[in-house]
Amino acid sequence: MMSFLKVGCNFIPKIQAQAVCCSHGNVQQQWTRGKRTVAVLGAAGGIGQPLGLLMKLNPLVSDLRLFDIAGTPGVACDISHVNTQAMVAGYAGDAELEKALKGCHLVIIPAGVPRKPGMTRDDLFNINAGIVKSLCLGIAKHCPKALVNIISNPVNSTVPIAAEVFKKAGTYDPKRLFGVTTLDVVRARTFYAVRMKVPVKEVDLPVVGGHAGITILPVFSQVKPKKQMSAADIDALTKRTQDGGTEVVQAKAGKGSATLSMAYAGALFAEACLKGLEGAKGVVECAYVESKVVPGISFFSSKVRLGPNGAEEIMGLGDLSDYEKKALEAMKKELIGSIKKGVDFAKS
Ligand SMILES: NC(=O)c1ccc[n+]([C@@H]2O[C@H](COP(=O)([O-])OP(=O)(O)OC[C@H]3O[C@@H](n4cnc5c(N)ncnc54)[C@H](O)[C@@H]3O)[C@@H](O)[C@H]2O)c1
């Protein structure tokens, strides 16, 4: 008779479990490298599945928990066959949230509904606000010290919602809560590299503000390597970055929003958080965090230095061009309104 081994909530045949654990040559060395437990909430979705796969490839991860309302045992089984060290377990439904979260160092949240053509990120508010709120209640209870990466839109509001939930639970640490805006950075770097004909690997470019329309501001005046850009180029690349999400929503024609590029961006940011936890030096990424960088705007995305406690330093904006200063002014009202909407929802 076949015997079974319990991996998280999954009972898998013992022979398969051994294959998961020992399918590569230097098992011992690989096994001792990663020591971090990471959960993906919304792991059966368009972003969650490839993001789960990318986290399985990350050598810093020892335990990968895949949670969703349904479908995660299958996703976890599939990903668990990849011959990298992280142990993978799937958890489905509210009753299993505690097991998914207990002991996590990092929780990534892509749970929620994506946009359809004609919708703004704000149109998702009514559904996703409630999802983020309930998942954050679980985090406050089961892994209050974890770093939290929020992908669910509208990020400009869902991050303030998470902050309020954690404040109410008495667990809020602003250093540990991040809205993931890395996709804006990834897009801006790609668009710049193609337009200005520079190797994309060399491009360094901050994107600040928020994560919706005009609140997204690529700071081309600080781009490296620096090429002479015309005003028309700056305007075109700024607008394309701001509309990057809509470009994908329209191209997918009703079948969702960015998933693969978002999973890549989410994995990049998660890796930066994990490296920071490990004490790596000089880990800097843009992220949407509680901030004093722009007076009157309580959450803002700018460069953040990541370390063992999360956001160790929130960096200022540096010098901005006149175009960027104008764009910063133009985004303020929308960003402040989105933050207030999130705070009001969480308090209601
Ligand atoms: N931050 C960004 O740059 C960015 C980019 C693209 C998409 N997004 C957002 O990410 C979210 C997910 O997008 P997607 O394309 O993966 O959507 P999707 O519908 O394919 O997947 C979402 C998953 O969340 C799950 N889910 C719903 N409620 C849940 C709950 N209470 N607990 C756990 N899981 C739950 C669903 O079952 C589904 O599997 C959307 O809000 C989307 O707008 C953010």
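Count begins at 1; order follows the chain as displayed.
Positions of Cβ are set from backbone N, Cα and C atoms, glycine also.
According to TrEMBL, the feature domain 'Lactate/malate dehydrogenase N-terminal' maps to 38-179. TrEMBL lists Gly42, Ala43, Ala44, Gly45, Gly46, Ile47, Gly48, Asp68, Asn128, Ile151, Ser152, Asn153, Met262 with the feature NAD(+) binding site. Annotation source TrEMBL lists substrate binding site at Arg115, Arg121, Asn153, Arg187. The domain 'Lactate/malate dehydrogenase C-terminal' annotation in TrEMBL covers 181-345. If you look up TrEMBL, you'll see His211 marked as active site, proton acceptor.
Within 10 Å of the Cβ of Asn128 (NAD(+) binding site) there are 24 other Cβ atoms, across all protein chains. Ala44 (NAD(+) binding site) sits 24 Å from Arg187 (substrate binding site), taking the CA atoms of both as reference points. The number of other CB atoms found within 10 A of the CB of Ser152 (NAD(+) binding site), across every protein chain shown, is 29. Secondary structure from DSSP puts Arg187 (substrate binding site) in a helix. Long-range neighbours of Met262 (NAD(+) binding site) (same chain, six or more residues apart, CB within less than 8 Å of its CB): Ile47, Leu51, Pro110, Ile151, Leu183. Ser152 (NAD(+) binding site) and Arg187 (substrate binding site) have their C-alpha atoms 18 Å apart, to the nearest angstrom. Note: the Cα of Gly46 (NAD(+) binding site) and the Cα of Arg115 (substrate binding site) are spaced 12 Å from each other. With a cut-off of under 6 Å between the Cβ and any atom of ligand 1, the binding-site residues Gly42, Asn153, Arg187 reduce to Gly42, Asn153.
The shortest Cα-Cα distance between Asn128 (NAD(+) binding site) and any of the binding-site residues Arg115, Asn153, Arg187 is the one to Asn153. Rounded to the nearest whole angstrom, the C-alpha distance between Arg121 (substrate binding site) and Gly42 (NAD(+) binding site) is 18. As a summary of secondary structure, the domain 'Lactate/malate dehydrogenase N-terminal' (38-179) carries 66 helix, 29 strand, 47 coil according to DSSP. The residue listed as 'active site, proton acceptor' has none of the binding-site residues Gly42, Gly48, Arg115 nearby, counting only those with a Cα within 10 angstroms of its own Cα. If you take the Cα of Gly42 (NAD(+) binding site) and the Cα of Arg115 (substrate binding site), they are about 15 angstrom apart, rounded to a whole number.
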